[in-house]
Structures are given as structure tokens and as C-alpha cells.
Amino acid sequence: MGDSNAPHHNYTMFKCFNRKFKASVAGPPPDVKAVFSKFAQGGDHMSIDQFRSFLVEHQGESAEALTISDAHTILLDFTTHHPGEAAHNKKLVGGLTVEDFFHFLFLEEFNSPIRRQVHHDMNAPISHYFIYTGHNSYLTGNQLSSDCSDVPIITALQKGVKVIELDLWPNSAKDDVQVYHGRTLTAPVTLIKCLKSIKEHAFDKSPYPVVITFEDHLTPKLQAKVAEMVIQTFGDTLYYPGAEDQMVEFPSPESLKNRIIISTKPPKECSESKSSNDKGGGRSSSEESGSDQEGEAINNANAAEAKLFQQSAPEYKRLITIHAGKPSGELKDALAVGDKVRRLSLSEQKLEKAAEDHGADVVRFTQKNVLRVYPKGTRFNSSNYEPHVGWMHGAQMVAFNMQGNDKYNWLMHGMFRANGGCGYLKKPDFLMYKGPNGEVFDPKKTLTVVKTLKVKVYMGNGWHLDFSRTHFDSFSPPDFYTKVFIVGVPADCGKFKTKIIEDDWIPVWDEEFTFPMTVPELAILRLEVREYNRSEKDGFGGQTCLPVSELKPGIRAVPLYDEKGEKLKSVKLLIRFQFENALSLTT
């Protein structure tokens, strides 16, 4: 790792003792040297033709799509943007040295672990997709006392979130509409401010449609005002059906590019509601926080107002593309599939009960309709829940509190890095399967292993560039180790960790871990680097979550992120991914 002339790191103990540690000089791991030798055919340089063979045969790039000219362009970009690494070879006359090759592998811009383009079929109905979904999108912090603002809405949209939830309430004068979490101490923000920010940032990340879910507690007069605000703000960007009747099939993400759509309960259904304690069509704030007297007072003051509700807000109802409805009676009945498509909302607990008692019915419902899952009301600190129960049953909108930094949020952000980060993921085929007798996938069925993923963690680098010398340890260089997880359906979950490399800013682990998987389509690889501390909690050195379905085989540069999900400037791991297929997943 170094030589006698290598630089040193100096640390002072007790203000008088000086400890000197040799600074590591990272070289290519044995596997990298072996791969280089193989494709360079034992030579000291790898030619452009040999480099192309490496990309196709070892890294899994398409032979048809990657020409010799493409390989030359890649290397030219590499030497142009990183001239110091191959200054002796700028014109690529002699090809890549093993050092050049090693450095190339460590650059994410050329050697990303996942695909960056949208590559799913985007022409199916929206119900065929998982959609990146926020919960109480206007809250800056906890559910009880934090401020409401358009800032978290903007942040979510810039990350690729495609479903924004707004709780609508009258202001004190009953002449305007505010957004806040009802019956809490959250400070409101005006609806018009939220709508304008959505218009400005809806398509920052991708052109695919943004869904705004309204949970309204409004009089018919204010509903009409909301309709006016929405039309004036979004103009031609707003999509809504031509007829008032519900659709029999949802449009596709492709057909709704650069469009805004509204999802809420139609006014008529609101007027007929006797209680919103169990609103399936868009969970209200009151459902989380307890009683619903205020909501009932607004929606059900008397029969005359209920009639007025139906008569005075046709313009509001006309704007609704995804009609939301509440579960009435038995949950199994609420999951019945009718002629018209709709949205149903369930709390995380009700989803678990539905999954346990009516799992196949949930899958069948989500093949045509939209299911939204939201956090239970006791998550006052804006924490989140295990998303895979919803995904395994086809739930399109697994709604998360996006302002948090919990590990579930890491998983959610990682899952939606798939498909170019566009916010829409085509559901696996097995969730859309429908047999000749109406049979669908049974989530309770014991599944067989269909694919094995091997993850070899070679090394890491970049911490000395992004962190101060004493950030991890005041008296010595850091002691890094990497935790490797697969998070998915219960049968697929697994975790390992590397050995601890002591006193080294550039740790080399060179360890491989194997994960057999039954549902790789829903599996997420979670990586977390920790710094071992004997007396305190282990330090945090970075994390990332990557959808297994998107992993590119071969040796890859894997960038790490901080606890808030922001990419670290320099820190990366060098990892090899290998897949071995077994059986095809069947129902």
C-alpha cells in the first residue's frame, strides 16, 4: 500500500505525544490487475479494441451498441477530463496502463453502478407503475409543531418525487385556503404559494406527470376557489378528463408528460360521508391525530349544506383525474374491482391487515386501480415504515415523509434511482399476471431462489478529501468497515460486514458476499461505511442504496451519500457485482 518515501499523517495525543502514521498509496486490487492482464493479453497496455472487449465481456455492455468508435470516445473523454492520470498517453497511442485502467474504474461518471436512462415501457396505464410518493409534503419537520412551507415540496420535486400531498383548510376568515396539518400547531402556508412552486419545479427531475393529492376540508365555495386557483396556475399543463364520469382505465405516464393531474374525493362523496375517521380516498390529518369533529362540521353540518356540496362545486369535481374513495363496510368489499378505476388509501397498519387477510385481492385491485399507503398517525416525528409490504402487493403510492433522514428514506430514495430517476417504475410482470380463471400472484406463496447476487467489496477512497484529519478520530486515522445489506421481501433479506481496517484512510477489504434472492425485482442493496470506535458509537462514513434490478455487472465505482442523502463529493467504493440466474419466477 505504500513505500518508505510515502507521506505521513501526524496526530497529537495529550498535547505532547506525536503519533505518525504512514499515508496509504492505493494500488489496483489483485482482481483489477488480473482483469487488466486478461484483456491486455499479458501486455503492459490495453488497446482501444481490448478496452471495448473488456466493457462488453466483463462489464456487460451491449456489443451492438458499443462500437470501437464509442470506446475511443470514452477513453478520449477520460483523458481529456482527467489529463493528469494519463498525461503520458493523451492521444491513446499506447493504450491504457494498469494505473490508468484502475483510475478509470474508480470514476462514476464513466463507470456508474446503475443505468442512468429511462428504459422502462412508459406507455402502460399509471396503475402499472410504482410512483415516487410524498406524505404531508408541505411539512418541514415533525407532524405536530413544525412549519408548513413550499420548500420541502420543492426539495421533493427536485429529488424526483411525483406525488405531492396537500391538506386544504379554510383560513380563519373562511375566505381563503391554507395548507397545514389539521388540529396541530403546524404553522400554515397558503395554497397558492404551494401551487406556484409545484408549477415551477414539477419537471425539474423528469418530464413525467406530477400528481397532486388534495385532502380537503373545505366548503363548496372554497372548493370552487381551489378549482379557480388550479386552472389559473397550471393552465394547459393541467390534465383532466373531458367527461365528468370516472375513467375505465388510467392514461399512461408517457401520454401525460409535462402534465399535472389532481387526485381527491369528489364533492358528492364528501357530502355523503358521515365520518372521515377512515377516509380511504386520501387520508386526512384528523385520521392521524384522533377525532374528526372539525371535518364533520365542515362537510356534514346539515342536509342543506350536503345538497349544496353537490350543486355548487362542479368545476372542482371536473378537475379530478384520479377519483379517490373511502372503504365502506368490509375491507374485502372495498378491494372489489369495478368498471371504473379509482384510488384507495390505507394506513400502514390497515395494509398489513389487508395483506394478511386478503393478499390476493390487494394484488388484483392494484392491477387496475391505484392503492396509496400512508404512515400511521403515531409517527409524530415524521418517521417511516417498511415499504416492501406495499410494493409486494402492487401498491403504486407508498407515501413517505420525505423530510426525514431515516434508513427507510434511504431505501425509498434508492429504489427510485431506478429507471433514470424519473419517478415511475414499471411494476414486475408477476404483479400484473392474471391467469385464465382470474388467479393472480399470491404474496404468501413460498418462492424459489431465481437469482444470486455476489457483491465483492474491494476498497474505498475519498474520505481524506471530504473530511478533516480528525473528523473520525482525534488520535489516529480512521478504522473503516462496510456493512452490506439486501433489503426486500423477507426471504431475501440478508446482511454482512467486512473486517475492520485499522488506521487507514484508504481501506482495502477485498471481501465477497453472496445473496440468494427470490424477488430480485424488489430487492435493494444497502451499503453503509462505519468507522469503528471502541468507546463511543461508531462513526458514519457514508451510505447508498441501489435497486438490484438496475445493477450493472462488473467492477463499478459506487458513490456514497451522507445521512441527509446528499452525495459526498469524493467518497466512493470499488465493488464488483456478479449475477447467477437460477429459475424463472412463476406464479
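Count begins at 1; order follows the chain as displayed.
The backbone N, Cα and C atoms fix where each Cβ goes, and this holds for glycine too.
Model, not experiment: these values are computed from the prediction.
Annotation comment: TrEMBL describes 263-295 as region 'Disordered'.
The compositional bias 'Basic and acidic residues' annotation in TrEMBL covers 266-281.
Secondary structure of the domain 'PI-PLC Y-box' (345-431) per DSSP (helix as H, G, I; strand as E, B; remaining residues coil): 41 helix, 14 strand, 32 coil. Sequence annotations record features per position, and here TrEMBL assigns domain 'PI-PLC Y-box' to 345-431.
The domain 'C2' annotation in TrEMBL covers 436-562.
Assigned with DSSP, the residues of the domain 'C2' (436-562) fall into helix, strand and coil as follows: 13 helix, 60 strand, 54 coil.
When averaged over the domain 'C2' (436-562), pLDDT in the model lands at 96.
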